[in-house]
Structure formats: C-alpha cells, structure tokens
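Student: Pasting a structure here, questions to come.
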C-alpha cells in the first residue's frame, strides 16, 4: 500500500547556527521554515521547522545532472519521474536551543550535517549536533560543506580536510562530504543523488499498533472565529509504526495534568481523528515516515502553543505506561562538547538535576540513585516510553544544558 501524498523518510537538517540549514531546506523544498515572528526577527530557527520535497530523475540525462526537485529536468527541460518524497526536519543550531534539536532527532531516519566552508571546523554546535545524532542512534549521515561561494578553492580544500579530521572516529567518519552553495543552488543534484544512495527509507512495520511521536500541536482557529466554524485541535509529528486512519479513536499520553488536593496525576486524552494531512495534501490513511498533521475533536485550548508536543499517540490501550520515574543504563561521553573548554565528564551523582530527551519529549529529572550501570531518575514531567528506548542526557554546565551522553531505559 502506497500513500503517494506522504513522505516516506524524515531527514534532519542539523549544524551550527547560521551555517545555512534553513537556506538549504528552502532551496530543496521551496519552503522557508523560519515562520515564527521571533525567528524572522532574530534570523535563527527557534522551533523545529518542517518541509517536504520530491526527489525526481530525468531518464534522458546522465548522473548526477539528472536529479532535481523541479517539475522539469534542469538540463534538458524534459520529463522527470518522482523517485521519493522526503520530509526535512530543520533543527535550530543555536546552543540555547539544544533541547529542541534533541527532541527533533528522535524523528530523524537520517541527517544532513551542514558545515560552512567559511568558518573553522568544527564550530561548537557542529560538534554537539554530531554527538547528539550519535547518542540518539541516527546513523545515516551526509555532510554538506555549504557556502563554497564565499571561499577560495584553497580555503575550501583546507576546510574539507578539517571536516575529515573532525569526523574521524565518529558516526559520520564514512559520510560523504558534498561541497554546495545553497545560495546559488550549486551541486544540489549531487546532494540529491547522495540522499538517494546514503539515506534509504527504513523498513517499517505497518501491521503493528500505530504509534505517533507528537512534535508540535496547534490551535488552527483564527481569533474571532464563529463558534460553528471552530476546528478541533491539531497535533503534528511522525508515525514510527503502524497505520492511522481518519475515524480512528486515539489515546494521547501522558495527557492532561489533573490536580486533586495535594496530588497531581496525568490522565490520558482520548479523541477521534477527524482529518489527516501531509503538507497541503489530505490523506485518508497515514503510514510511517514523513511528517503528518492530525486533526482531532480536541478542545483547541489543549493543543495550542505546542502544549501536547512530546506526547505519544496511538490506539487506546496499546501505549506504554506513563512514567514519573525511569531507570536507565547510562553511556556518558568522555568530554563535554559544544562549549569552548571541553571539560571531562564526571559520573552522574545522586540528587543531580538532568535534562532528558525521550522521543520528542523534553523533561527535567533528579537522580534518586546513581550507580555506574544503573541510574534512577524522578521526572518533573512524566514521559510515555518503553524499556529499550534511548534517552539523551544533558547536564547544566555554567548557564547552559550540555549533552553528556545517553541512556537506555531498563
């Protein structure tokens, strides 16, 4: 079964701030993903941005010139055939927004690490983003050496060698390095060919109970709308397994926070799928892969301003329990990356405050007990997760949260 309107793979666009991730996404998709007023004002990505593109190929022309995202071949203006539709997840590169990048990494089947040829490599967040991909198990990586139009050939070669040295011994050691100018659209055909070769569509199991990682949630109603015209809340994210259909009843966990006296509990939300969409296309059935919007019967107050981002959605009764405490087996990095002085990472201690990313969820927790092989953490915001899931671990160093490793939930 093929949903031709839907992307089949999610590719993260990651790297240091201002290295050209959003510009490259726009060149490939035609969509400028910095759409929030604060982002436009500051010129940086603050939230995760999403955009789709279709990789097409002309049968008449030679490789790599035959690859394009346009309706006609760039070389001969001839007919093109669509090979695959992909979704890009544009992650913020600013160090203060690392939590957003980590929550986006759980949606990524592969990643493009964008490195500007016009700056020394590696820059702090170039390092931190590569470590994050490694920590969260993203293995299919391409490197784009961007802004080659701003440097001489000698500088480009020197930067290329710096990239090779930086990636040696990392998950990106064998990643192709593709020189590109996003501004001029140079070498995009080579990049598209590499995406086809090095970031395959993962095998998905469509027969099991569906699970949707929720990365965004919205109220799509305009202020002053008539009551009869109001639409239910919308959640956006990616199905990691199974299939969702219009009309399905779904459960969203952890759900709503309910305070009774001195006690707080989390109650799962049950709702019905009213509509499914991928980009501007409507779907009746949504498959794993790509980013989708799910229209629901929920009160829009529950979904506005990303209130449900970090949740897990699925068929009622099939989701993991909501956890207010987790036990993990930690795997710490040797040194702190992303800061100028790369300090040695000390073992986790009891009563330490940590930031954790589980799926698309970001939460803070306090270690209740800390041993080398087993750490128990009480969470401020609960998560819905299974044993075996990966958790990114960050520690506050100075005034910033820094990635220090990952853990596996026991």
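Backbone N, Cα and C atoms are what each Cβ position is placed from, and that goes for glycine too.
Fair warning: this is a prediction, and the values are worked out from it, not measured in the lab.
Checked Swiss-Prot, it gives:
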DOMAIN    6-203  domain 'tr-type G'
REGION    15-22  region 'G1'
BINDING   18, 19, 20, 21, 22, 23, 146, 147, 148, 149, 181, 182, 183  GTP binding site
BINDING   18, 43  Mg(2+) 2 binding site
BINDING   22, 45  Mg(2+) 1 binding site
REGION    43-47  region 'G2'
BINDING   58, 61, 73, 76  Zn(2+) binding site
REGION    90-93  region 'G3'
REGION    146-149  region 'G4'
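Give me the lay of the land around each of these features.
Tutor: Taking a C-beta cut-off of under 8 angstroms and a sequence separation of 6 or more, residue 148 (GTP binding site) has the following same-chain neighbours: 117, 156, 179, 180, 181, 186, 187. In this structure, residue 148 (GTP binding site) is part of a helix by DSSP.
Other Cβ atoms within 10 Å of the Cβ of residue 22 (GTP binding site) number 26 in total over all chains.
The 10 Å shell around the Cβ of residue 73 (Zn(2+) binding site) contains 20 further Cβ atoms across the protein chains shown.
Away from its own ends, the region 'G4' (146-149) comes close to residues 19-20, 23-24, 114-118, 156, 179-184, 186-187 of its chain (Cβ-Cβ under 8 Å, at least six residues beyond either end).
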Student: How big is the gap, in Å, between the Cα of residue 183 (GTP binding site) and that of residue 58 (Zn(2+) binding site), rounded to a whole number?
Tutor: 24
Student: When you look at 18, 19, 20, 21, 22, 23, 146, 147, 148, 149, 181, 182, 183, which the record names as binding GTP, what is the longest CA to CA distance in angstrom?
Tutor: 17
Student: I'd like to know the mean pLDDT over the region 'G2' (43-47).
Tutor: 41
Student: Quick one, of the binding-site residues 146, 181, which Cβ has the fewest other Cβ within 10 Å?
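Tutor: It is 181 that, of the binding-site residues 146, 181, has the fewest other Cβ atoms within 10 Å.
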Student: For the recorded Zn(2+) site, whose residues are 58, 61, 73, 76, find every other residue on that chain with a C-beta no more than 8 angstroms from the centre of their C-beta atoms, and list them by sequence position.
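Tutor: Going along the sequence, the neighbours appear as 59, 60, 65, 66, 68, 72, 74, 75, 77, 78, 80.
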Student: Out of 58, 61, 73, 76, which of these binding-site residues is nearest residue 22 (GTP binding site) by C-alpha distance?
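Tutor: Given the candidates 58, 61, 73, 76, the nearest one is 73.
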Student: Including all protein chains shown, what's the count of other C-beta atoms within 10 A of the C-beta of residue 76 (Zn(2+) binding site)?
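Tutor: Within a 10 Å radius of the Cβ of residue 76 (Zn(2+) binding site) lie 13 other Cβ atoms.
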